[in-house]
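One structure is given below, encoded as structure tokens.
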Amino acid sequence: MVLERTLSIIKPDAVAKNVIGDIYSRFEKAGLKIVAAKYKQLSRREAEGFYAVHRDRPFFNALVEFMISGPVMIQVLESENAVARHRELLGATNPKDAAPGTIRADFAESIEANAAHGSDSVENAAIEVAYFFAATEIILR
């Protein structure tokens, strides 16, 4: 059994709706274990660094502003096929295209305020996890 880890961020819009517990319940029911978590207010520098890959995209500044507009819940999830399993739970980036019952279909307002972030590959997951968590902060379960 090969375990993967993925980074998940519950974004300010979903935090403001008080649905962290609902989302965590979905993770756990899908077999994703939470092995690290932080509730925090991102600084502009943290948000810009995390989304640096999008720096030249027209939505970059709006994305950064949104991500610093309120607290976020950041977690590392672990399971077999964690990246794909988490992305399936999230649904399409645009909640209008997300399948019913997915996190974005149920909790997101728009493509900009889409409730959650999930790593898009195992390679990016490793980079994203390391951006927010030291190895000593991840607890094996």
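Yeah, the Cβs are placed from backbone N, Cα and C, and that goes for glycine too.
Per Swiss-Prot, the features are as follows:
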type	residues	note
BINDING	K11, F59, R87, T93, R104, N114	ATP binding site
ACT_SITE	H117	active site, pros-phosphohistidine intermediate
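Shown on the structure are the features that Swiss-Prot records.
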| residue | record | Cβ contacts under 8 Å, 6 or more apart |
| --- | --- | --- |
| K11 | ATP binding site | F66, M67, V72, A113, N114, A115, A116, H117 |
| F59 | ATP binding site | E112 |
| R87 | ATP binding site | G118, D120 |
| T93 | ATP binding site | R104, I111, N114 |
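Comparing the recorded positions R104, H117 by how many other C-beta atoms lie within 10 angstroms of each C-beta, the top residue is R104.
Residue environment of N114 (ATP binding site) contains 23 other Cβ atoms, counted within 10 Å of its Cβ in all protein chains.
Taken over all pairs of the listed ATP-binding residues (K11, F59, R87, T93, R104, N114), the Cα spread reaches a maximum of 21 Å, rounded to the nearest whole number.
Under the three-state DSSP scheme, the residue listed as 'active site, pros-phosphohistidine intermediate' falls in the strand class.
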